[in-house]
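Student: Would you mind keeping the following structure in view while I ask a few things?
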């Protein structure tokens, strides 16, 4: 996450794909959700009081959601401003931590209420078959909304230079759609749902699809007036509809966690994980060949399956390296980061780490350490 956040502008290949396709950054969110699912299987392995466990899960999810709004809602103004605060009419409501909180809550509720544990040993699939039913139901709702909803033409306004002034200088744009089942950046139903439910002013103002060739964005990240109207529109990559399939990634990680919690031998664990991973990967690639795009902003089915399979393969490889062959010293830094993941995320997303680095400069504040590092990579 840290590498792609600060290196993506220097090396675009590791930043997010503008729309369809997979770059390194597009694996970060699914890996987070996958590990959250594994954690749920361990935390709720034995939970005698379901009601109490439910309230704890809801409380944790709510805290994570509110923290996400604070960090990514627009309250913090970035590296070039010492001010803070956000207009409540334009606060961003969804984001990274919010999506993780939704996935965690769905996974926790499934583990608490839909698990069929018995005193005698039964197969993992039989014990947790209702989890798969829930996952298929969520996918069905997602596909029905994504491909079934009609998207009419829509209009939005972009404020001029006076951001906090009255919108007299706002520019109006109209996006021509009148389609059903479109999965492009302009007329997909995911964006329409967010505009209707959350309001367009509460969406992410700098979507990555502005880097598409059609938008012809400048080096200063300015979209020219000649670009298509949708290039100027907000769009939330952590929107409501895509959060459904993101939650399924958490349920997939939950099944890997069940294998870890209930099987004691290394061979049995690796065999189950490999079967899951290969099945998800083959199915995801097959759907991509059928025309279902690999798309992170929409969190498409093929994207969900391929990234979940990749997470499973990575998890299995680390398990083999650390737990079986005992090379734990190689992953000690990763272990430390895993134990302090939320703290690291707060420090990075609030730009505190970069602000501290920028405080060291040579003669002039412009010659700070961060600018020197960026310039070094750019010139190379």
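A Cβ is built for glycine as well, from the same backbone N, Cα and C atoms used for every other residue.
Remember, TrEMBL labels are computer predictions, not curated facts.
Remember, it's a predicted structure, so these values are computed and weren't measured experimentally.
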Student: Could you tell me which of the ranges 64-84, 169-189 is annotated in TrEMBL as transmembrane segment?
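Tutor: TrEMBL lists transmembrane segment for residues 64-84.
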Student: So, taking each listed stretch (27-44, 96-116, 240-261, 273-294, 300-322) in turn and counting its Cβ pairs to the transmembrane segment (342-361) that are under 8 angstroms, which one gives the highest count?
Tutor: 96-116
Student: Taking 27-44, 96-116, 300-322 as candidates, which has the most Cβ pairs under 8 Å with the transmembrane segment (240-261)?
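Tutor: If we count Cβ pairs closer than 8 Å to the transmembrane segment (240-261), 27-44 scores highest.
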Student: So which of 27-44, 96-116, 128-150 has the most C-beta pairs under 8 Å when paired with the transmembrane segment (300-322)?
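Tutor: By the under-8 Å Cβ criterion, the transmembrane segment (300-322) pairs most with 27-44.
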